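Colleague: Before I ask anything, let me first share the structure, which is written out below as structure tokens.
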Amino acid sequence: LYERPTLITTMKLFILATLATVAIAAPQGYGYSAPRSVDSDESVEVIPILRDDRVREDDGTHNFEVETGNGITISQSGDSNGDKQGVISFTHPDGTEFHMTFVANENGFQPQSSAIPVAPAFPHPIPDFVLEQIEFARQEDEAAAREAKSSIRTPSGSYGAPSSRKKREAPSPAYSAPRSVVSDDSVEVIPILRDDRVRQDDGTHNFDVETGNGITISQSGDSNGDKQGVISFTHPDGTEFHMTFVANENGFQPQSSAIPVAPAFPHPIPEFVLEQIEFARQEDETAAREAKSSVRTPSDSYGAPSRKKREVPAPSYSAPRSIGTDDSAEFIPILRDSRVHEEDGTYNFDVETANGIVLSQSGDSDGDKQGVISFTHPDGTEFHLSFVANENGYQPQSSALPVAPAFPHPIPDFVLEQIEFARQEDEAAAREAKSSVRTPSDSYGAPSRKKREVPAPSYSAPRSIGTDDSAEFIPILRDSRVHEEDGTYNFDVETANGIVLSQSGDSDGDKQGVISFTHPDGTEFHLSFVANENGYQPQSSALPVAPAFPHPIPDFVLEQIEFARQQDEAAAHEAKSSVRTPNSRYSAPNSSEEK
């Protein structure tokens, strides 16, 4: 769960590093030139702009085409629906050419370039006969979709539910796999032995398909949208493929020996720690079986253990015996095992063993947690990790954790100075706010509600640390900040050197804004974002793009995804239009609203 953001960030940073090499010089005729290199006193080379054509119509259609004297070409066009396409190309200093075309429409940003990293190949080749079955199913679905569109009908309120609720009859045994496109010989007729499909009005469903050549696909789902199923077949070389899966509020969880395994932990976990973890797992399983054997009302708090304080075991309690040896095991006493759970959900536990393993964690009634894990490796290396888990996610801190690569494009010093200056201002405002007696706002991180006055034009950026010369004064042209009592706010800041920061938020905590500035080499940076119940969603040409899916997604799958998205939007609009009291418990979903 926590490795995926690192992978995505790495890919994003790679693409950003590529795009950041595009340095656009000033237009000809105005004398504006690329910035002077800080390491050289020689005059810089003026790179003329050979072409700069930009057209924008009132209906939103636009076209622009820019070409510089050093071979940089950027072109883009867009229609009134917001769809865009374009080309970016240039030559690296080592002579390597970069060329990227892209399309951006309702299917997202779709770049094409030999410089974009490619996702790894599927760990096991998919046999041709399976691909033929998939293609045949896609063609069937397309034909059904065309037939359905030709008739007037009301779409079902169940995601991906077919039009007919009744059980589908099994096709006759003469029904066969499609003919191989690479052969004119008569095809082998593969009968469908079983094709049972049932869907109820409440959304529960079950289907079970089996072909004569051993392909089996089965799936069932309940009215909450949870699903489980099995996919199995035999490869032409006799290798069996078997995969089971569960899809629920925890995501899609497949289980198969053919699925690739995540890389090993960056530092080997000692065997004695693994033994302690295994022993704890066995204890938890025993407690779970014991709890199930008694009749009790389940708690409405997920995973809430018994509320009473657990007694500390006797010092003779020891770690399990090592599996790989017949020698007598070393008995490692547990020096401390304190566990307390309160009725409101707050809890605290603290465990320490004689061999230096320490596990401690505490949590409050809102579900926020913090804790520490530490031990010593057999080679004497100490491991220490502290963490906080709250509405901002799981945030670990440890010298043993891998570090993300450096930002691919240096952030200019003047931008860093402005950011640091703004941070110091915010800290000063926070200290001032804490020094006065006031009732805290129920809106997270809400500053003072009164409008801030715009500072005088003489207000300037902080002095550069690396020089003793007098700093250039960069006036703040606009600094408008407004906070209302209901939590809505708006601020808009602009400096004379082109930095623009603007953001607004509503009473529900939803936010949107824009950040833009120009790099010293003349490259413009622009990012807009929205932050709401769907998370933080940035939009910028400087953001890297994930690699393309290794296998084309069939149109009928994309149509189902789009239909589900439209349904979710409609449900969200309907929910917002009704007056309701928000739940005071963080991230606790309402089961009735999820259906």
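Glycine is no exception: its Cβ is also placed from the backbone N, Cα and C atoms.
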Colleague: According to TrEMBL, which of these ranges is region 'Disordered': 141-182, 351-392, 477-518?
Modeller: 141-182
Colleague: From 78-118, 283-323, which range did TrEMBL mark with region 'Disordered'?
Modeller: 283-323
Colleague: In the compositional bias 'Basic and acidic residues' (283-293), how many residues does DSSP assign to helix, to strand and to coil?
Modeller: 11 helix, 0 strand, 0 coil
Colleague: On the DSSP side of things, how many residues of the compositional bias 'Polar residues' (213-223) fall into helix, strand and coil, could you say?
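Modeller: In the compositional bias 'Polar residues' (213-223), the DSSP-based counts are 0 helix, 6 strand, 5 coil.
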